[in-house]
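*Asks:* I am attaching a structure below and will ask some questions about it afterwards.
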């Protein structure tokens, strides 16, 4: 069987990350780790290269809570299969949890 390379379509990523090149992005990975850095490159499998990356550390007593502590990672390559969330850092604003007071009132 002969495969015609001319008829093969190039795999395209479902997400267009080109507009985020050289901009700060935040990623969440399987297992709960979170990091942010300057997006320097990516491929069709969503493997990302982040420069000046920092990891947001979790509270050892409550692994679901991210603390204000960070760890500098430098240049990292994040494997696309491990990434669960990719978000730009521009326009992100942390707000108070609206459900905390609702639970206290009950």
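In case you wondered, yes, glycine gets a Cβ from its N, Cα and C as well.
Dumping what TrEMBL says about this protein:
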DOMAIN    12-92  domain 'Sm'
*Asks:* Summarise the model's confidence over the domain 'Sm' (12-92) as a mean pLDDT value.
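*Replies:* Mean pLDDT across the domain 'Sm' (12-92) comes out at 91.
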*Asks:* Taking helix as H, G and I and strand as E and B in DSSP, count the residues of the domain 'Sm' (12-92) in helix, strand and coil.
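*Replies:* Per-class counts: 6 helix, 45 strand, 30 coil.
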